Amino acid sequence: MDSPCQPQALNQALPQLPGSVSESLEPSRARMGVESYLPCPLLPSYHRSGASGEASAGNGTPRTTATATTTTASPLREGFGGQDGGELWPLQSEGAAALVTKECQRLAAQGARPEAPKRKWAKDGGDAPSPSKRPWARQENQEAKGESGVGCDSGGGSSNSTTHSSGEASSRLREEAQPSAPERLALDYIVPCMRYYGICVKDNFLGAVLGGRVLAEVEALKWGGRLRDGQLVSQRAIPPRSIRGDQIAWVEGHEPGCRSIGALMAHVDAVIRHCAGRLGNYVINGRTKAMVACYPGNGLGYVRHVDNPHGDGRCITCIYYLNQNWDVKVHGGLLQIFPEGRPVVANIEPLFDRLLIFWSDRRNPHEVKPAYATRYAITVWYFDAKERAAARDKYQLASGQKGVQVPVSQPATPT
């Protein structure tokens with residue numbers, strides 16, 4: 001057993017959704033990294049027909065709306081519910097990832113207009129602060145009043161110096177009032193997406209330079225023989241390699257040759273820290289070490305599973321991908337998430353510099369499709385303090401397991 005933070009395969013008590021469609025979309029039909037669809041029934045309440053009352057097959061030929069007469073149905077194709085055949089509502093059978101990646105230009109270019117999650121004002125029961133004047137705005141008003149009486153003051157020099165010092169104070173207050181980049185990302189994007197979808201995708205998380213350094217360190221771990229076959233928590237008669245085919249290493253981020261991985265974790269910590277208190281009743285006080293994972297490209301994947309099916313304390317899963325020029329039609333390795341109770345599948349391409357966040361519990365069963373090229377990812381799980389403490393008491397975690405949790409890094413104190 002590597003760690004208590006190894007994802008455990010789904011047991012038979014969980015409902016098994018139908019398998020994915022093997023048919024791939026044509027290049028002209030592919031969008032947002034969605035290469036295949038889960039054959040599942042459509043919900044009439046989610047789809048509004050277009051003016052013609054029929055959905056187009058993407059080539060101008062009308063077709064009737066698909067109905068679920070069996071447990072499997074034809075895969076949805078381009079044009080159905082959101083292109084020329086009607087409006088696609090959030091989480092229609094197309095993949096949550098396609099709808100939560102707000103920055104993607106391909107989605108906007110092809111006419112889909114999903115309903116984006118929006119924050120509510122505090123007075124309406126949301127978490128967004130009520131609009132009010134910032135401290136620097138009040139300071140500027142005071143300055144304006146002071147300047148109106150300067151002409152009547154015989155001590156012009158002292159008034160100018162006072163105004164100058166007030167201006168500096170105003171600038172300082174303005175800088176303090178403006179939210180940081182991680183805070184804006186957390187409050188304006190990640191928190192609404194997690195509440196609305198339970199899944200969040202953020203592209204260009206670190207940027208090409210730092211992301212490239214992280215990739216170089218991960219490749220060095222692989223070629224240095226630091227990776228070991230991933231293990232399962234439960235003792236099963238099934239060979240582990242038939243369930244998961246990755247090789248892993250646990251990294252804290254301060255080891256020699258892992259500084260950039262540590263920087264990645266600090267960036268993720270900063271975002272999650274700003275999400276704390278806004279994602280339900282979770283009290284996030286720590287996380288696991290970073291799990292560096294590599295699928296060697298020999299056609300292995302990871303069967304459908306839930307990261308935390310039995311309440312071991314993990315509440316949020318964060319995965320950072322490092323695969324440049326990845327093409328799922330050629331390389332495979334697609335991550336599929338099957339949100340519980342919804343007839344949808346989120347198809348996530350493991351693209352370079354992409355951060356994926358989702359709930360770790362039974363709400364998000366997921367699997368990694370077989371990979372035919374070297375596939376890298378770094379995963380970290382964040383703990384809910386109450387559930388983690390209960391798990392320690394219930395399962396009497398071994399000493400090796402207790403040592404896995406590390407505190408969420410704090411921002412450096414400015415000097």
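Each Cβ is built from the backbone N, Cα and C atoms, and glycine gets one as well.
Per Swiss-Prot, the feature Fe cation binding site maps to HIS305, ASP307, HIS366. Annotation comment: Swiss-Prot describes ARG375 as 2-oxoglutarate binding site. Sequence annotations record features per position, and here Swiss-Prot assigns compositional bias 'Low complexity' to 1-18, 49-73, 159-170. Sequence annotations record features per position, and here Swiss-Prot assigns compositional bias 'Basic and acidic residues' to 115-126. What Swiss-Prot lists as region 'Disordered' is 1-31, 43-89, 108-179. Sequence annotations record features per position, and here Swiss-Prot assigns region 'Beta(2)beta(3) 'finger-like' loop' to 233-243 based on similarity to another entry.
Feature map: annotations from Swiss-Prot on the structure.
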{"residue": "HIS305", "record": "Fe cation binding site", "Cβ neighbours (10 Å)": "20"}
{"residue": "ASP307", "record": "Fe cation binding site", "Cβ neighbours (10 Å)": "23"}
{"residue": "HIS366", "record": "Fe cation binding site", "Cβ neighbours (10 Å)": "24"}
{"residue": "ARG375", "record": "2-oxoglutarate binding site", "Cβ neighbours (10 Å)": "25"}
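According to DSSP, HIS366 (Fe cation binding site) sits within a strand segment.
Recorded residues the residue listed as '2-oxoglutarate binding site' and HIS366 (Fe cation binding site) have their alpha carbons 17 Å apart, per Cα-Cα distance.
According to DSSP, ASP307 (Fe cation binding site) sits in a coil region rather than a helix or strand.
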